[in-house]
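Taken from Swiss-Prot, the feature (2R)-2-phosphoglycerate binding site covers Q162. Annotation comment: Swiss-Prot describes E204 as active site, proton donor.
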Amino acid sequence: MVIVKKISAIEVLDSRGNPTIKTKVELCDGSIGEAIVPSGASTGKRERLELRDGGEAFGGKGVLKAIKNVNSMIAEEICGKDAYNQKAIDDAMLALDGTDNYSRIGANAVLGVSMAVARAAANSLNIPLYRYLGGANACTLPVPMFNIINGGAHANNSVDFQEFMIMPFGFSKFSNALRAATEVYQTLKKILNDLGHSTAVGDEGGF
């Protein structure tokens, strides 16, 4: 058992220049875990609620309300709990919120704490995060996915589909899969240039 000692959060900017939450969790043995919450450009109707501030700052996309929830009610609930019991941590935050979609304290507030606790626990055990989450038998990394053409809400063009993605299967190392995808991306760029098409990138980095 290792106890969660301190939880704090600050506002940072994501890759699109929009505010998001960076959460830091410190355990009693000195281990630290940090996490920055991702955010999509489009939102599905079943997605959990990101708590945003509204108002004028950052076009209403500020996350100071969610940060306040992390630094107050979530910290009060989670500090003192066993960081090695991830399910108990997550269940405690779900119970604290009391809604089906985290509309009270914000899914962005909850996700940052959950990820940071997991990373702190992995660091406490001096093992990689994938090993901590996957257990002793975790030996296969997921196949990476790469967005190479953007449309829909992710680009200012007439393409109906939002994402065209590739998955480089069959490589023994992640680095080789990454290289293969990069080569496909650069080859596609050359083909588009040769055909006189735009190679400006969309919201997800695809053409």
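Cβ atoms here come from the backbone N, Cα and C positions, even for glycine.
For the residue listed as '(2R)-2-phosphoglycerate binding site', the number of other Cβ atoms no farther than 10 Å from its own Cβ, over all displayed protein chains, is 19. Within 10 Å of the Cβ of the residue listed as 'active site, proton donor' there are 19 other Cβ atoms, across all protein chains.
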